[in-house]
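K.L.:
These came from TrEMBL, pasted as-is:
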DOMAIN    135-416  domain 'NADH:quinone oxidoreductase/Mrp antiporter transmembrane'
TRANSMEM  6-26  transmembrane segment
TRANSMEM  38-60  transmembrane segment
TRANSMEM  80-109  transmembrane segment
TRANSMEM  139-159  transmembrane segment
TRANSMEM  171-193  transmembrane segment
TRANSMEM  208-227  transmembrane segment
TRANSMEM  278-297  transmembrane segment
TRANSMEM  309-328  transmembrane segment
TRANSMEM  334-357  transmembrane segment
TRANSMEM  378-408  transmembrane segment
TRANSMEM  420-439  transmembrane segment
Amino acid sequence: FVFTTNYFPWLTIIVFLPISAGSLLFFLPHKGNKLIKWYTICICIFELLLTTYAFCYHFRLDDPLIQLAEDYKWINFFDFYWRLGIDGLSIGPILLTGFITTLVTLAAWPVTRDSRLFHFLMLAMYSGQIGSFSSRDLLLFFIMWEFELIPVYLLLSMWGGKKRLYSATKFILYTAGGSVFLLIGVLGLGLYGSNEPTLNFETLANQSYPVALEIIFYIGFLIALAVKSPIIPLHTWLPDTHGEAHYSTCMLLARILLKMGAYGLVRINMELLPHAHSIFSPWLIIVGTMQIIYAASTSLGQRNLKKRIAYSSVSHMGFIIIGIGSITDTGLNGAILQIISHGFIGAALFFLAGTSYDRMRLVYLDEMGGMAVSIPKIFTMFSILSMASLALPGMSGFVAELIVFFGIITSQKYFLKPKILITFVMAIGMILTPIYSLSMSRQMFYGYKLFNAPSSYFFYSGPRELFVSISIFLP
């Protein structure tokens, strides 16, 4: 690295710390499962504290420009730069990543098989996620985006359920297929109109393209980001992946991997290709509205508990797409708040679904029933978080969805009749959410006891599980 800044490289340290400290896991004693877990938790806590310190003392909230910027020449013959920087858009997802990953290391406590590799892959994901949220260079964004796929594939195929290889293969085919479009878009934007590749976000944001070319770029990026988001019809990998993955992997997928697609939509499609975005935004809103209705209806028909929660995630992503398509400050704020709010709610629901599976060994809703008596604390947390998921007033989900509603209603771009129609259909989606959410609680916790409980102590929630669920519940 050739340093071209006088500042302390906060972001480079924050990006590299998890994976470099995680690689030391392989030098720890073989029989030290507890040592490996404590070491991973310490790394995550230290990283979270470091990030929080850097953002509190070195990030000015009144400055709309990119801060903590770093720009180092990386690969000489290709003119490739290591450019990092954050603004108000990336600060939320980065802190969310740190907070939830720390709790995921606690949630993954029961994992004992190949414990070092498991924890190393989680830390590698951590680095990749922070790298993609703080990249200010298109090619660096693509590398971090791709770097994410390997740990997820291994976590799925090694620690998943019975159909883990099928779901891991489906995941990698979808996401790698989407990445081809991303790479073509990155190279097309970078090489357009000059012999020297221009990959800097700031330079590209000020560049103008012919409308036809901009539309082609937009479609390419949209396909790549739609797979990760996921936007229908490119969403079918998500329920399979969630249905088979270990619940700690589900937490990582639900709260960050899905959010990277939405972040990319704002960061690339909205910032770099504004004309094409204004052309496509009505279509985004239509797709988002269809997604809310479709995923909520499909969720109702799922027998598998984790798949039902996964479809609810797809439904909630519809609000983010509508917020991004509304082209208003309010709508965009609502979308970003929904990204963070759903990151907490989705992670918590998957965690509680996983802990109840650890006790009952039941995954199908029609086999469950009467669990509230045996696991009262999990039942209480699950009920509260289901309320947050269905956007009960006073919960973060309600605030996020309400701001998205305001964003679409106050948008100057659309006529009154389409706005009323879209809002009406979104409201139907918000009615469907309580139906699948509450019926899930009813099938799991109420009614008669359908299983034989081996011992009451076995079902009692431990302090670790209560700590994780309360830590997610408070924000």
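From the backbone N, Cα and C atoms, a Cβ is placed for every residue, glycine too.
Automatic prediction, not curation, is the source of TrEMBL annotations.
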K.L.:
Among 309-328, 334-357, 378-408, 420-439, point out the range having the most Cβ pairs under 8 angstroms from the transmembrane segment (80-109).
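P.N.:
By Cβ pairs under 8 Å, 334-357 leads among 309-328, 334-357, 378-408, 420-439.
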K.L.:
If we call contact 3 or more Cβ pairs under 8 Å (sequence gap 6 or more), are the transmembrane segment (378-408) and the transmembrane segment (309-328) touching?
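P.N.:
Yes; at least 3 Cβ pairs under 8 Å.
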K.L.:
Grab the same-chain neighbours of the transmembrane segment (309-328) for me: Cβ-Cβ under 8 Å, and only residues 6 or more beyond its ends, written as numbers and ranges.
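P.N.:
Tertiary neighbours of the transmembrane segment (309-328) are 229-232, 235, 238-239, 241-243, 254, 258, 262, 265-266, 270, 277-278, 280-285, 287-292, 294-296, 298-299, 302, 334-336, 338-339, 342, 345-346, 349-350, 353, 389, 397, 400-401, 403-404, 407-408, 410-413, 422, 426, 429, 432-433, 436-437, 440.
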K.L.:
At a threshold of under 8 Å on Cβ distances, which of 6-26, 139-159, 278-297, 334-357, 420-439 pairs most often with the transmembrane segment (208-227)?
P.N.:
278-297
K.L.:
Go through 139-159, 171-193, 334-357, 420-439 and flag the stretch with the largest number of C-beta pairs under 8 Å relative to the transmembrane segment (278-297).
P.N.:
420-439
K.L.:
The transmembrane segment (420-439): which same-chain residues, six or more beyond its ends, come within Cβ distance under 8 Å?
P.N.:
285-286, 289, 292-293, 296-297, 299-300, 308, 311-312, 315, 318-319, 322, 386, 389-391, 401, 405, 408-409, 414
K.L.:
Would you mind listing the long-range same-chain contacts of the transmembrane segment (6-26), meaning Cβ under 8 Å and 6+ residues beyond its ends?
P.N.:
36, 39-40, 43-44, 46-47, 50-51, 54, 58, 68-70, 82, 84-86, 94, 116, 119-120, 122-124, 126-127, 130-131, 134
K.L.:
Take the transmembrane segment (171-193) and find every residue of the same chain, 6 or more past its ends, with a Cβ under 8 Å from one of its Cβ atoms.
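P.N.:
Residues packing against the transmembrane segment (171-193) from afar: 138-139, 141-142, 145-146, 149, 152-153, 156, 199, 204, 207, 209, 213, 216-217, 220-221, 223-228, 234, 236-237, 240-241, 268, 272.
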